[in-house]
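S.K.: TrEMBL lists B:Arg48, B:Arg54 with the feature NADP(+) binding site. The FMN binding site annotation in TrEMBL covers B:Arg125, B:Ser126, B:Ser127, B:Asn241, B:Ala242, B:Gly281, B:Lys296, B:Pro297, B:Thr298, B:Ser299, B:Ser300, B:Arg322.
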4 protein chains.
Amino acid sequence: MSDNRFGKLFTVTTFGESHGPAIGCVIDGCPPGLAIDASEFAADLARRATGKSRHTSQRREEDAVEILSGVYQGLTTGTPIALLIRNTDARSKDYDAIAAQFRPGHADYTYHHKYGIRDPRGGGRSSARETTMRVAAGVIAKKWLAGKYGIAVHACVNQVGTLRAEMPAVIDWSVVEANPFFWPDAAQVPELEALLDATRKSGDSLGARVLTVATGVPVGWGQPIYGKLDAELGAAMLSINAVKGVEFGAGFAAVEQPGSRHRDLIGADGFHSNHAGGILGGISSGQDITCQVAFKPTSSLRLPGESLDADGKAVEVVTTGRHDPCVGLRAPPICEAMMALTLMDLALRHRAQCGDVPAQTPRVPAGRN
Amino acid sequence: MSDNRFGKLFTVTTFGESHGPAIGCVIDGCPPGLAIDASEFAADLARRATGKSRHTSQRREEDAVEILSGVYQGLTTGTPIALLIRNTDARSKDYDAIAAQFRPGHADYTYHHKYGIRDPRGGGRSSARETTMRVAAGVIAKKWLAGKYGIAVHACVNQVGTLRAEMPAVIDWSVVEANPFFWPDAAQVPELEALLDATRKSGDSLGARVLTVATGVPVGWGQPIYGKLDAELGAAMLSINAVKGVEFGAGFAAVEQPGSRHRDLIGADGFHSNHAGGILGGISSGQDITCQVAFKPTSSLRLPGESLDADGKAVEVVTTGRHDPCVGLRAPPICEAMMALTLMDLALRHRAQCGDVPAQTPRVPAGRN
Amino acid sequence: MSDNRFGKLFTVTTFGESHGPAIGCVIDGCPPGLAIDASEFAADLARRATGKSRHTSQRREEDAVEILSGVYQGLTTGTPIALLIRNTDARSKDYDAIAAQFRPGHADYTYHHKYGIRDPRGGGRSSARETTMRVAAGVIAKKWLAGKYGIAVHACVNQVGTLRAEMPAVIDWSVVEANPFFWPDAAQVPELEALLDATRKSGDSLGARVLTVATGVPVGWGQPIYGKLDAELGAAMLSINAVKGVEFGAGFAAVEQPGSRHRDLIGADGFHSNHAGGILGGISSGQDITCQVAFKPTSSLRLPGESLDADGKAVEVVTTGRHDPCVGLRAPPICEAMMALTLMDLALRHRAQCGDVPAQTPRVPAGRN
Amino acid sequence: MSDNRFGKLFTVTTFGESHGPAIGCVIDGCPPGLAIDASEFAADLARRATGKSRHTSQRREEDAVEILSGVYQGLTTGTPIALLIRNTDARSKDYDAIAAQFRPGHADYTYHHKYGIRDPRGGGRSSARETTMRVAAGVIAKKWLAGKYGIAVHACVNQVGTLRAEMPAVIDWSVVEANPFFWPDAAQVPELEALLDATRKSGDSLGARVLTVATGVPVGWGQPIYGKLDAELGAAMLSINAVKGVEFGAGFAAVEQPGSRHRDLIGADGFHSNHAGGILGGISSGQDITCQVAFKPTSSLRLPGESLDADGKAVEVVTTGRHDPCVGLRAPPICEAMMALTLMDLALRHRAQCGDVPAQTPRVPAGRN
């Protein structure tokens, strides 16, 4: 019951504080024989990294991953894979002023009362810095899922504040990757930039919505009753910093759909719609898995906020560290990683009980996604 | 990694199919010395039960709980508590026609392909009948939480289809319990009844939104990073049949809130708002825990729907069994149970690491909820 | 972390007290499609049962197993299998006298102090009655292991008190099954009977040693470092009541073997010896898995013993219930069950990580066992 | 179900190969507020280290532990504690010759067939090098157990080959620590040295028996039925390389004890004997926990041994790396660590269910140990 571990069979245990010596993870349960090289982590880590545009935190992390174990002559051996990243650009002095204060909207208050002690430097353990290791571990999961099943996992930002993306009928992921906001409609990017600039200048921050899609997932993954695909994936997403909600397929909109519209009919050409988000009874249906996540606006603001210090005295908190005006803009690689880690874990759990070969291969294609 | 088990320290393992001999559960990890009597389950089970109005399934379940173990002379002994309910009103014949067909929007398709075999009677394992045992186990968790911490857990339905509840400033839970829809505004009940009657007559169904609130939760519960209170509670809610989304505090609305509004400021009288839903960094803040869940409309409709049979042939499915036009209407006791089970589990997990006494007692009240 | 659960992927959660309404278990993780009938439990339960000769407890248990879930039309469906046995011959009055006393050598003392409350009837949860469900669950594991891999699991008693069995070069398991003591040498049975009669008359009791052997186990099962086959199997055996030690292959005798003798050399015809007990580095080698377990003598004696009551006052305890003079004599079916449950769990764990097909098939036979 | 993780609430996940870049571990679940300094690991690591006398492997490891996370200003924060040791004296060339051969008695054969790939350098993951991290983690557990409960954990070697230690009535642990063999009788040390010298010269190796004792353990630790103290401790010991058996209290000798002698009577001054090894019904009784473990003789011998290579061809294997003639001589610190890790884990598990304060404090002292 290691609470810093994700997954049950493909497990990722992360460690490290934002401004400590290092962050890292131990991946246990990886199938042997998978080709992994330390250079493969760079691309996704760069997608997640801060400092890549003026719209994200100006902390510059090298994020060079060292593989400490579990890989021999370029192949995984089935033993634990430990990954390490040294923290290099940690300016802890920025946090001296607030070491004994509770920044509003932050975990300072709860860590203090839970543990009686906390590392205040950069948020310590509660910093989003931890998600770096999820992305690194996700690289391995993505590679295995792609190689063995042809699964692809993508994510985009489809809302920032009140600005909603014009969603194309089919998302062009190259468009998403071509702008620093993971935004699916190139035409809206200038508008989004203007919004972010205005927000940054005002000292305020914005929330965001992220859509994550997995294609190619075979029918049958997910472990009812309490290991349902949506339950596990929901927990995965909700474990990401700043997430306040998660939904699958039609999600909250399903409340307003009549049943005759919501249920996805099936024809000889497969499903006719995908309001279920590719999940029925907690098990993948073969359609695309679609999941949306709500990110709250960053609580670290230059605008002063009323709060308390550890002695219970009223203070006014101003956050002076380097922070993102919209944390959701860096979230797509993290959401992809959590989707990939969840799918890989459930793939192994399915295989344990039901074997490598699917019990029944569907006689029809999965249909519309 | 029993996937039919909920919880890590206060664990509930459920078993049973909708039309099998019995359903039941084994509760392991309950603290010793808690007074429990078989009669205590009746109230919550009645709240969840079908057949209590014309708006829910007409299946009548006795739901008499037998305690098989773990209780001696009226007190829990610390050993596993097994609960059993015999299935008495199971009309399996209703399902003969669809044994080899996949009802649209149901788990039939995925169970078939995952396991290669399924019990089609009443949905088998995927039936909401399983949630009966969650409610029973939840009774024990609620009692312990109330007795030891003064925690209360309540839920209401605040939306059915497009009808949204007029939410009072403070919810009066006696109003919620006084109508069969768990609706917080008595004045709207006739309108809701009319909506349900019309829907039932049309053969269609409706989704619903359920709000669950826990009061009195102490600061400090929740295990970062992957055992966060919201992650665990989200998984709990998403494991309930028909749930398509879950959100905490402001939830998806947080996307549109500027950070200066979303972050909950703290004064000498406690928090000034509760957009966080009582959770900061995955740990309870001492405020009310608030969680909303989206239930999809029932997929079991009298209206015929296009689908396939196990041989891949096109069929038209008509559901003739007894079903609810709006499953969400029976969900509040289930949501309460999952909230209580999650909180109790996290209480024990907190106690394991940090001890009985909180590391730091807050010097201020939790404030507005 | 349900502590009343055995296994990680093929899990067995047991419940029930010796003199409560019932005992039972929930088996979660069983592969679908395995044929199981309620009548199949009878044979092994009879082998374990009391009352079958004058040398075991005269409590007569019907031990009729009811399957409550997880089996449809005679096949497992992949959902939890719940098994139930009602307790019918429970004479709780026998225990009234000792409800507030700690029987020496029993769990009374520790349960009382751990939980502050205990069910004293027949030892409550600490009674060997619980092992009935292990044997029932073991029937399912044995059947799967035999059907899929040709694995057979057998156990015999090879020592009672100071009487050691004359072990044949190859154990004839039909001889073992032909006497009520699971003794491998028919010629010694009269001597053993005389020993047991004398012990029973004296009011004293005897320890025993049980040898368990699994044949046909493929190479590759066992999960290093902490899920080693011997670690898991050791824990399984040590969880059985009255066990004080466990060893594999040469076991404690290995201390006195020089390395040149202990290490099992390998030739073209396979291993030349099996001092390792079929386990190298925690992983099965393809040889027979051999495991020996020490059972202490029953502590329930007619001979009075000095002890205390719950108030700390000195008392003299005499056990008047029905008890076995040598509990080890009923242990072989339990040891077989724990071996089978362990192997099945590790088979699924291996399959999860490495797939159905072995990574490398040995080019030589396993050799001598 | 990370199989490279020990413990359920106080968890230690280890990683690293003998000749890879580093070994390390992540400790999750440690209570906050414990003072830990990197220098505290040195003493126990030195006790375990190779190269300290001519009787152990001449590999010289620096074993400098770096704390990467979880400690702030000298105190644990409740977040994961990562420990790292770089491998510095790894002579991988020694192993080139045997990369494609299976050393008899080693895990080479089973790793090859399980995973299809293995790191042969120094035994890779199956090397005893991994136990370094257990010892490091054990330092933390020992410190917590000592500080909070006054528990002490000690181990000695009480048999090497056929040489048995003359056990004093009460073990003087300063004697044990005063010789490089952890031998409790100083007078026998020259005889032991002569035995080891002769063995090393012959190219052969010897087994050993290690006794581990924990004093001060309160009554009530251990989680029946499958988390019994002896089951968990047994698994812990059996997970150590080269262990072939484990026993508690009287252990295998209990087979030959009549019940009237084995059962430990209780008087007003506590227990009169400790044949149970401090464990009744899987729960600590308050007496000393005593556990003995059998270590097999090293399989790495200069004496040639018949074996196969990966192609199934017969080869003669000679081990030329640096190895211990008696691995058991370095085992006491490892056994202590596993005892401490087990006790700490069970302490937290007990506290989760039953709270900080014992349900019932014994009215008598624990008595003879």
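Every residue, even glycine, has its Cβ placed from backbone N, Cα and C.
Curation does not apply to TrEMBL; its annotations are automatic.
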S.K.: Which of the binding-site residues B:Arg125, B:Ala242, B:Lys296, B:Ser300 have a Cβ lying under 8 Å from any Cβ of chain C?
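M.R.: The binding-site residues close to chain C are B:Arg125.
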S.K.: How many Å lie between the Cα of B:Arg125 (FMN binding site) and the Cα of B:Arg48 (NADP(+) binding site)?
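M.R.: Computed Cα spacing between B:Arg125 (FMN binding site) and B:Arg48 (NADP(+) binding site) is 18 Å.
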S.K.: Looking only at DSSP and grouping its letters into three states, which state does B:Arg125 (FMN binding site) belong to?
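M.R.: Helix, per DSSP.
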S.K.: Compute the C-alpha separation of B:Ser300 (FMN binding site) from B:Arg48 (NADP(+) binding site), stating it in Å without decimals.
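M.R.: Roughly 19 Å, rounded to the nearest whole number.
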S.K.: Check each of B:Arg48, B:Ser127, B:Ala242 (the binding-site residues) against chain A and write down, in sequence order, those whose C-beta lies under 8 A from a C-beta there; write 'none' if there are none.
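M.R.: Correct list: none.
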S.K.: Just to be sure I understand the packing, how many Cβ atoms besides its own are within 10 Å of the Cβ of B:Arg125 (FMN binding site)?
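M.R.: If we count other Cβ atoms within 10 Å of B:Arg125 (FMN binding site), we arrive at 30.
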S.K.: Work through the binding-site residues one by one (B:Ser127, B:Thr298, B:Ser300) and point out the residue whose CB has the fewest other CB atoms within 10 angstroms.
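M.R.: Each of the binding-site residues B:Ser127, B:Thr298, B:Ser300 was scored; lowest Cβ tally within 10 Å is B:Ser127.
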S.K.: Given the binding-site residues B:Arg48, B:Lys296, which one has the fewest other C-beta atoms within 10 angstroms of its C-beta?
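M.R.: Each of the binding-site residues B:Arg48, B:Lys296 was scored by Cβ atoms within 10 Å; lowest is B:Arg48.
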S.K.: Excluding near sequence neighbours, so keeping only residues 6 or more apart in the same chain, what lies with its CB under 8 A of B:Ala242 (FMN binding site)?
M.R.: B:Ala128, B:Phe295, B:Lys296, B:Thr298, B:Val327, B:Gly328
S.K.: Using DSSP and collapsing to three states, where does B:Arg48 (NADP(+) binding site) fall: helix, strand or coil?
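M.R.: Looking at the DSSP assignment, B:Arg48 (NADP(+) binding site) belongs to a helix.
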S.K.: Please report the Cα separation of B:Ser127 (FMN binding site) and B:Arg48 (NADP(+) binding site) in Å, rounded to an integer.
M.R.: 14
